[in-house]
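Peer 1: Dropping the structure in here first, questions after.
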Amino acid sequence: MAEQQMGMFVDTSTCHGCKACQVACKEWNELPMEDEIKFLGTSYDNTGHLSDTNWRHVKFVELFSEDRSDARWLFLSDSCKHCQHAGCMEVCPTNAIIRTEFDTVYIDQDTCIGCRYCITGCPFGVIEISHISGTAQKCTLCYDRLQVGQQPACAQACPTDCIQFGEVSSLMKIAEEREVLLKNMGHSKAQIYGKSDILGGLNVFYMLTEEPKVYGLPENPQLPQKNMAKSYMFSVAGMVAAGVLALLAFRSKRMSQKTDIDQDQSHVV
Amino acid sequence: MPVNPYDYFTHQVTSPAWHWEIVWYFFFAGIAAGTYITSTIAQLAGSKNDLQGVIRGYLIGFPVILICGILLVTDLDSPTRFLHMLWYPRENIPMFKAHSPMSVGGWVVGLFGAFSFIGFLYALVKMEKIKTPWLVKLTSFFHESAFSKLFLIIGMLCGFYLGTYTGVLANTSQLPGWTASPLLPVLFLASGMSAGMALMLLVTPKKSELNEYKHKLERADKYMVILELVALALFLITLGQWAGKVTTGFYGFLLWVGVVLIGLLLPLLLKWKPNLLGHRTTLVSSLLILVGGYVLRYVVIMGPQSGYFGF
């Protein structure tokens, strides 16, 4: 168990999509620009998604009515969730993904071999391989800043305080109070995303005002290992089937060849 | 509230962008496993006359698993650190995670390499290419002594793991097309076995004393093609809503033409009607099976990755 369980509470209801957090993250972590700035063609957001050079990304969720007379924008400052049950950590074959003393999930850049298996293990699409370092990259929750008692760069830069950093249990209390308030204000779908029902709890959790799927968040993310037992079970069944069939093919004649000539097989040309 | 017209990141999954090295690795791993398993089964259960053919099977496994190793290392984005898969440098201890199929797979590739290397040496000894006395004794101990049955069975189990774990690897991921069906390991095993047997048929010379062995190998290969057909049908059914990733469009074309028609149905027809192409029947059907085995892996690895970020 970590010394302290540190994390973030991201209240999407107060985020106004300024991307200050995204810029602060890039600046502090010295993350390079993408090759070019381009329009996605589908959104005013020009980043698209989290990547090896974008450890934080403000999602623009643009909602329009059928006749486009009504429009609504939702914003979600997205990053690694530092899950209690982290899929990336589970599958990593080299122990390059570790849990820090702050209970955050950290990629040891000296141990990572760039096998990409962690990418398949993350249900949130957080990790990507850097073409520069050849290793997996994602938000570290500014581990270097935490070690000297500072808060992550994104939380410090946020002008609306929608990103709050601190002890997870304290943040959860704030979030629960906020949920009640939002519901009283008429946001009937207000909900906390990242309590213990989601992968044992997310150290970076969210206040949403719509269903998770509207933000592109999985409703019920699972550890990749959930399929492993079944997969191995079918593997054994396959081994038995293939083994028996091969055995049948090679044994059947043998029975009728019991009197087969025992010719010298000591060497074969 | 209205829906998002842009289908905004409805499934937030990133593709690992596994490319050609992994497809070839999966293909060669299947062949290495298939040839070794078939050889050990034939040595354990076949007649003495089969040995001439069996040793040619042992000749294939080791070089192929070497190619697999090279592909695995070159596929890494930090290939110089490939030993981290087996050794944890932070604590200087062996690196093994039972719940990570890739970690177990790394060890099994190494272990299988050892078994197949001894099989390879045994074949060379039997062909009188190696005459060093201690090597002759050593390979005879592993392949002909009272201990040999245990050795061959353990080696065969390693081969079985190698032939199936690539499917488990894909199953333990978040990509829907890889996780939806637990039959992926069975499909890969059947395909690897049939491709391995096809390759063994190709390297078995035309000799009257090997006719019986070839006949058995042809029959075993026919069984594997049928098993693969059944496994493929069940795989596609169990994929459910994600079946479209491999059954439609470009990947669908490859699946129906490259795998089902060229890789399975035509070879099956040739095995049932061995006189259809005269003496070339075995050659053609084996080549078709090998092509089908590769295309199957290409479709299953690439199809479900398409349409996600990073690809």
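Using the three backbone atoms N, Cα and C, a Cβ is placed for every residue, glycine included.
I grabbed these lines from TrEMBL:
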- B:22-42: transmembrane segment (TRANSMEM)
- B:54-73: transmembrane segment (TRANSMEM)
- B:104-125: transmembrane segment (TRANSMEM)
- B:146-163: transmembrane segment (TRANSMEM)
- B:183-203: transmembrane segment (TRANSMEM)
- B:223-244: transmembrane segment (TRANSMEM)
- B:250-270: transmembrane segment (TRANSMEM)
- B:282-301: transmembrane segment (TRANSMEM)
Peer 1: Let me spell it out: take the transmembrane segment (B:22-42), skip the flanking residues so only those 6+ beyond its ends count, and list any with a Cβ under 8 Å from a Cβ in it.
Peer 2: 50, 53-55, 57-58, 60-61, 64-65, 67-68, 71-72, 75, 109, 112, 115-116, 119, 152-153, 155-156, 159-160, 162-163, 166, 188-189, 191-197, 199-200, 213, 216-217, 220, 293-294, 297-298, 301-302
Peer 1: So, do the transmembrane segment (B:183-203) and the transmembrane segment (B:54-73) meet, by the test of 3 or more Cβ pairs under 8 Å (sequence gap 6 or more)?
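Peer 2: These two segments touch.
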Peer 1: Against which stretches of its own chain does the transmembrane segment (B:146-163) lie, if we need a Cβ under 8 Å and a gap of at least six residues from its ends?
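Peer 2: Contacts of the transmembrane segment (B:146-163) (Cβ under 8 Å, skipping residues fewer than 6 from its ends): 29-30, 32-34, 36-37, 40-41, 43-44, 61, 104-105, 108-109, 111-112, 115-116, 119, 188-189, 192-193.
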Peer 1: Count the Cβ pairs between the transmembrane segment (B:223-244) and the transmembrane segment (B:104-125) that lie under 8 angstroms and are 6 or more residues apart in sequence, then report whether there are at least 3.
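Peer 2: Contact between the transmembrane segment (B:104-125) and the transmembrane segment (B:223-244): absent, because fewer than 3 Cβ pairs are under 8 Å.
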